[in-house]
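**Student:** According to Swiss-Prot, the protein carries these features:
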ACT_SITE  CYS284  active site
BINDING   41-42, 76-84, 102-107, 131-132  S-adenosyl-L-methionine binding site
MOD_RES   THR2  N-acetylthreonine
Amino acid sequence: MTSQGDTTSGTQLKPPVEAVRSHYDKSNEFFKLWLDPSMTYSCAYFERPDMTLEEAQYAKRKLALDKLNLEPGMTLLDIGCGWGSTMRHAVAEYDVNVIGLTLSENQYAHDKAMFDEVDSPRRKEVRIQGWEEFDEPVDRIVSLGAFEHFADGAGDAGFERYDTFFKKFYNLTPDDGRMLLHTITIPDKEEAQELGLTSPMSLLRFIKFILTEIFPGGRLPRISQVDYYSSNAGWKVERYHRIGANYVPTLNAWADALQAHKDEAIALKGQETYDIYMHYLRGCSDLFRDKYTDVCQFTLVK
């Protein structure tokens, strides 16, 4: 198989290393204070309102992995693998080989140590590598909460990077290939009007805060953009599954946990970082509550 569309204007795309590390390499110990024990850092899935965050994160991973029709011995690529919970879940419960890509040095070290504890003969690999640099055949692809970084790049092409992404992985998967893409989305103009959404100054200030203090360079796609670039590469969207309402209790649980560990957080990272992250988590909960943002799981098939 060959990779097509992995250049823009004749230049190899570069992963947004500095932008990603500015957030995810804060400190593993800091994130452990407020994420669930699996350290899953994306929207959970509360099948029942009485679920714990850990149970809801398990449900989210299962929801995503079940959509991939995994079979024992397949190779699953996890793009933006975070602290490895999805890879560990896939090895343990689906008996597959896994390759995880991260740009975070802290996540890489955590995942390497985690794999040493996993009792399975399957291949378990984590790399410090961007999707832009990956070029090996795989059977299935999962990406949970990483697509939001795929258009930031290193000053090149913006949303056109999606074209490269979808074409590359279309060509690296078999004829029955499947991809599960879980990403935050924003409404298009028509949906925003239907929802009665406005753009008050407080919203604009919060967006600026997020792009400055939390996720520099991050960009949120519209569903129509995922449709356009994925279909242009040959993918078909088998299912759109919108689960953004679940991010309200997820973010609230994170904020409550961080607040409960305030003294430890300040000892680790200082008062300013604690205040910034509390503002981030509470403010994002409001965005999902008011439907300025959503989460969609796209099941992509060939």
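Backbone N, Cα and C atoms are what each Cβ position is placed from, and that goes for glycine too.
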**Student:** Provide the number of Cβ atoms within 10 Å of the Cβ of TRP83 (S-adenosyl-L-methionine binding site), excluding the reference atom itself.
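**Tutor:** A count of 24.
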**Student:** I want to check the contact list for GLY80 (S-adenosyl-L-methionine binding site): same chain, sequence separation of six or more, C-beta distance under 8 angstroms. What comes out?
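**Tutor:** Residues satisfying the criterion: LEU101, THR102, SER143, LEU144, GLY145, ALA146, PHE147, HIS149.
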**Student:** DSSP three-state call for ASN106 (S-adenosyl-L-methionine binding site): helix, strand or coil?
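**Tutor:** Reduced to three states, the DSSP call for ASN106 (S-adenosyl-L-methionine binding site) is helix.
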**Student:** If you count other C-beta atoms within 10 angstroms, which of the binding-site residues LEU103, ASN106 is the most crowded?
**Tutor:** LEU103
**Student:** Can you tell me the CA-to-CA distance separating TRP83 (S-adenosyl-L-methionine binding site) and CYS284 (active site), as a whole number of Å?
**Tutor:** 22
**Student:** Mind telling me which of the recorded positions LEU77, CYS284 has the densest Cβ neighbourhood, counting other Cβ atoms within 10 Å?
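**Tutor:** Buried the deepest by this measure is LEU77.
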**Student:** Using Cα coordinates, what distance in whole Å links ASN106 (S-adenosyl-L-methionine binding site) and CYS284 (active site)?
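**Tutor:** It is 24 Å, counting Cα to Cα.
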**Student:** How big is the Cα-to-Cα gap, in Å, between TYR41 (S-adenosyl-L-methionine binding site) and CYS284 (active site)?
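**Tutor:** Distance between the two Cα atoms comes out at 14 Å.
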**Student:** CYS284 (active site): which of the binding-site residues LEU77, LEU103, GLU132 is the nearest Cα neighbour?
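**Tutor:** Minimum Cα distance from CYS284 (active site) across LEU77, LEU103, GLU132 lands on LEU103.
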**Student:** What is the total of other Cβ atoms whose distance to the Cβ of GLU132 (S-adenosyl-L-methionine binding site) is within 10 Å?
**Tutor:** 21
